[in-house]
Amino acid sequence: KVAIKGIERELICPACKELFTHPLILPCQHNVCHKCVKEILFAFEDSFADGGSESSNQSSPRIRISASSMDRIDRINRSGRKRNSLTPRSTLFPCPGCQRDIDLGERGINGLFRNFTLETIVERYRQAARAAIAIMCDFCKPPPQESTKSCMDCSASYCNECFKIHHPWGTVKAQHEYVGPTTNFRPKILMCPEHEMERVNMYCEICRRPVCHLCKLGGGHANHRVTTMSTAYKTLKEKLSKDIEYLISKESQVKAHITQLDLLLKETECNSERAKQEASQSFEKLYHVLEEKKSAALRAIETSKNIRLEKLQTQVEEYQGLLENNGLVGYAQEVLKETDPSCFVQTAKQLHVRIQKATESLKSFRPAAETTFEDFVVDTAKQEDILGDLSFHSNGLEIPEINEEQSRMYNKALICWECPGKTDSADIYVLEYHKLNREDESVTWQKTEVCGKSKVLSDLDDDSSYAFRVRGYKGSICSPWSREVILRTPPAPVFNFLFDDKCGYNNEHLQLNPRRTSVESRAGFPLLLGSERLQVGCYTTLDYIIGDTGIAKGKHFWAFHVEAYSYLVKVGVVPSNKIQKLFHNTHDVTSPRYEQDSGHDSGSEDAFFDSSQPCTLVTLGMKKFFIPATPAAPKDPASRILPLPSCLGICLDCDRGRVGFYDAGHMKCLYECEVDCSGIMYPAFALMGGAAVHLEEAVTAKYREYHDNI
């Protein structure tokens with residue numbers, strides 16, 4: 001029989017740091033108390049209402065929201081959600097186990113399974129801890145007698161006399177299932193949270209959760225791969241039993257690793273003290289100049305020591321959990337006692353992953369931290385004039401490089417960087433940037449610390465150039481600065497809109513995506529039928545679509561992508577008083593008679609188009625950007641044809657009555673002209689043949705993504 005007292009760490013809720021109470025299984029396979037889940041979501045929603053203030057988290061002493069969780073509160077706060085009911089409305093949950101934002105789905109808490117197996121083990125632990133405390137009968141008159149059995153159907157405990165009274169022979173209650181005295185009553189059958197009247201009888205291998213037959217037939221698991229519950233139960237139990245047997249057989253190896261880690265802890269202590277003494281001696285030589293630097297270096301060493309000791313101590317605790325009757329192995333052995341296939345499967349999958357990771361860690365043992373402090377050697381050979389930049393030697397810390405292709409300048413700036421060796425050798429990065437201004441001779445860099453390899457900046461001015469650089473830090477060691485990269489912001493605030501699927505939208509020729517951010521023109525059967533009427537002198541009409549939001553005043557900018565395979569696309573703006581004419585214009589056509597190489601007088605054709613167009617558009621297609629023929633444009637047609645940029649932008653200045661067309665990747669103006677802004681202006685697009693246009697997505701502070709390693 002496995003001792004229960006060695007597995008306390010597996011039975012503690014990561015949110016309240018107490019024993020689990022009605023634990024729920026999150027999509028990331030971590031367990032959290034039902035009450036803690038609600039309190040965390042309520043705390044988030046209270047923070048939305050109070051602007052993310054620290055005081056809004058103090059209402060519940062059970063949960064402890066970390067600083068990283070508070071950062072996510074501030075980030076989610078931009079959505080403007082408010083708490084207005086007894087049930088949390090948020091579906092994004094910050095898991096306290098893996099520190100990732102987990103999507104709970106449309107049903108939220110109601111879609112989570114209750115972990116009955118873990119609940120049973122916790123109750124077993126509680127009973128072992130209070131063995132001297134008896135469970136009393138629920139039906140005795142005072143004083144109550146000690147109970148002798150508990151009815152799982154009635155969810156109550158009875159003494160012998162009360163049990164006979166409430167479960168008389170010859171009645172239905174006489175057939176109830178009873179067990180020894182317990183306070184843990186769970187249903188006999190695990191029911192589906194999506195379909196409350198259906199029991200789970202299958203296991204979804206994609207979502208890794210039990211499902212019922214209705215989920216498979218027409219629910220969210222209709223196209224998923226499922227297996228029978230008995231098969232999943234047998235497979236998982238065999239794998240888990242085999243891995244546990246392997247860990248138990250390696251108990252001597254685990255103990256040897258623990259002994260080695262204890263020695264490493266002592267060695268780390270000694271080496272850190274030695275490093276501190278050497279650093280003190282080096283700084284004493286330059287005492288008058290380096291007194292402040294000395295204290296900073298000692299703090300750096302102390303911090304590094306604490307981090308290493310913490311990592312090594314954590315590794316010791318992890319390996320202690322691999323011993324028989326202790327920690328993870330003990331918890332797994334308790335899970336193996338579960339006989340209900342549904343309950344076992346929902347608990348065993350996540351546990352099996354942890355057992356596999358422990359097995360791999362055991363096969364390739366490696367200390368979690370280095371014991372030497374060679375990186376903390378102070379160089380005292382340099383002159384005093386460079387002591388202001390004194391730091392510990394950089395031992396191979398890579399210089400990061402800003403990735404200009406992944407970086408974006410739109411409504412906000414997204415700056416991305418990477419290390420040449422593709423290794424994340426730095427613990428933290430410092431991104432600096434400043435606005436380029438010819439008038440200012442002095443440069444003041446703005447600084448921000450980043451834990452990852454990208455940063456979203458929202459405090460940049462429009463129509464300005466900025467220089468960016470980044471460096472990595474590992475403790476007090478830093479890399480040199482990266483090469484400076486200059487990026488330019490859009491010429492005006494970004495204008496957000498979607499394609500309008502109502503006004504003039506031709507759903508026979510055009511196809512919108514569900515979000516209305518992409519439109520595609522297909523050269524399919526309708527165009528083929530239309531070609532029957534195509535003769536010399538006949539025309540094929542363009543298919544127009546406009547934005548769903550108009551502009552009345554001010555200066556605005558928007559960007560979009562045109563697919564490289566697009567045959568013909570026109571982009572620009574149209575006033576509200578000419579929208580009807582736009583969708584019924586018979587002159588805005590393409591004629592096979594008037595090809596560029598047909599010898600037709602292009603001057604008269606341009607004059608015809610200039611006088612008849614209801615809107616201001618430029619032509620794109622076949623990977624080219626065509627500058628319209630105007631008196632100021634070059635006479636040679638070839639010089640008016642430019643390569644099509646990967647991202648195009650339009651800047652409309654209603655106050656000045658001008659519209660500009662930009663290479664949005666470099667914020668370079670390709671063409672600008674006057675436009676009549678007497679009415680409300682709408683973004684306009686026209687497509688013919690095979691073509692597609694995608695609106696540029698706004699830059700947002702992205703949530704952390706959860707990557708499934710299974």
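Numbering starts at 1 and runs along the chain as it is shown here.
Heads up, the Cβ atoms here are built off N, Cα and C, so glycines get one too.
Outside the coiled coil (258-285), and at least 6 residues removed from its termini, the chain residues within Cβ reach (under 8 Å) are 291, 293-294, 297-298, 301-302, 304-305, 308-309, 312-313, 315-316, 319-320, 367, 369, 371-373, 376-378, 380. Look at TrEMBL and you will find 258-285 tagged as coiled coil.
The feature domain 'B box-type' is assigned by TrEMBL to 187-229. Computed over the domain 'B box-type' (187-229), the whole-number mean pLDDT of the model equals 79.
Look at TrEMBL and you will find 336-393 tagged as domain 'COS'.
As a summary of secondary structure, the domain 'Fibronectin type-III' (399-492) carries 0 helix, 43 strand, 51 coil according to DSSP. Annotation comment: TrEMBL describes 399-492 as domain 'Fibronectin type-III'.
Taken from TrEMBL, the feature domain 'B30.2/SPRY' covers 477-704.
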(request) Tell me the residue counts in helix, strand and coil for the domain 'B box-type' (187-229), as DSSP assigns them. (result) 7 helix, 11 strand, 25 coil
